[in-house]
Amino acid sequence: MSPPSGHPASPPEAAVGPGAPLPPVQDLGSAALPASEGREWTVRALGMGLLIGALLAVTNLYMGMKTGWWDSGSITATVLGFSGLAAYGRRRGVPYTPLENNLTQTAASAVGAMPAAAGLLGALPALALLGVTVPGWGIAAWGVVLGTVGVLVAGLLRRRLLVQEALPFPTGIATAELISTLHSATPTEAPGTSVGRGRTLVGAGVVAMVVTWMRDSRGLLPGMVGLPGRVGGASLESLNWGMGVSPMLLAVGMMTGLQLALSMLLGAVVAWGVLAPLLLSAGVVVGAEYGPLSAWLTWPGVGLMVGAAVVSLGAQARDFLSAAKDLRSVGANRSGLPRWTLGVAAVACVLAVVLGGVLF
């Protein structure tokens, strides 16, 4: 949901990576911690992160294909990791540390973001609609190459955005604060709050599963409750005016917030309440069916997105120049990255071009 974290098919805001400095008020570093509290790279933390990440990847793929939105899952992974491993660690006498929790959410969000990073939410589905078949090995190789490039670019952007400009990154800060709260020796919240969050998360998931099963598998619930009435000679229901019975879309609205949700609602009203009736009354489209109308309505929507993107990128031209300077800083060893990373990035870029030519 990075975002509608909060916006369509875009990368999530930077979360806190393992070993990365956190905001001063949530210092999870190991310098002042006992050895038992400074554990970070453990099998249980990484394994839990990979398991949660696999679940996030599947859900992000479905949600992204359905709505164009995906979620980094940092908060979800933090709560699930703590709920699953904190009690287990206490029973085994090996507490689940904040650094382990940080590793869990980092691994989970990295794996969960792969559908977006590998183009599974945009480019590849578009190619499939055009009749281009990409083999599974090609998709896997493409994802590995793009993931490699992304990690190296993120290292450069981290120095620029976090160290020099000190941007807030609300998702990363919220994750750090949540980890600090969950592991606080003197919690500011009532005992059992973290466990309650985990139960709420699981309970909401079960409710969503039951509702979706009743709707899709058993047919006991409708996919949409249509509105009565007509506009432009067509019934509102034929123009898809109604309320979808979808826990997933309810969750998207809850996480994106009112501002973005209202913007999307305004776009839907203009498209299906104004433009669609005009197309029907003018005879441009015959029959109030979703497919033909959507084919026409795609063009003004794409035009709006491309125009906004061009202006936004133009306004950030100075940032791109700064990023280019950061590329030179790698060779001068001022970026904090090993010098060999520039060679790896170059090889990955070449492989991406070659794979693009072979596969697409």
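Note that Cβ sites are derived from N, Cα and C of the backbone, with glycine treated the same way.
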Range among 69-89, 195-215 that TrEMBL annotates as transmembrane segment: 69-89
Can you work out whether the transmembrane segment (139-157) touches the transmembrane segment (69-89), with the criterion being 3+ CB pairs under 8 Å where the paired residues are 6 or more apart along the chain? no
If contact means at least 3 Cβ pairs within less than 8 Å, sequence distance 6 or more, would you call the transmembrane segment (110-133) and the transmembrane segment (45-63) in contact? yes
Chain residues outside the transmembrane segment (295-315) and at least six past its termini with a C-beta under 8 angstroms from it: 267, 271-272, 275-276, 279, 284-285
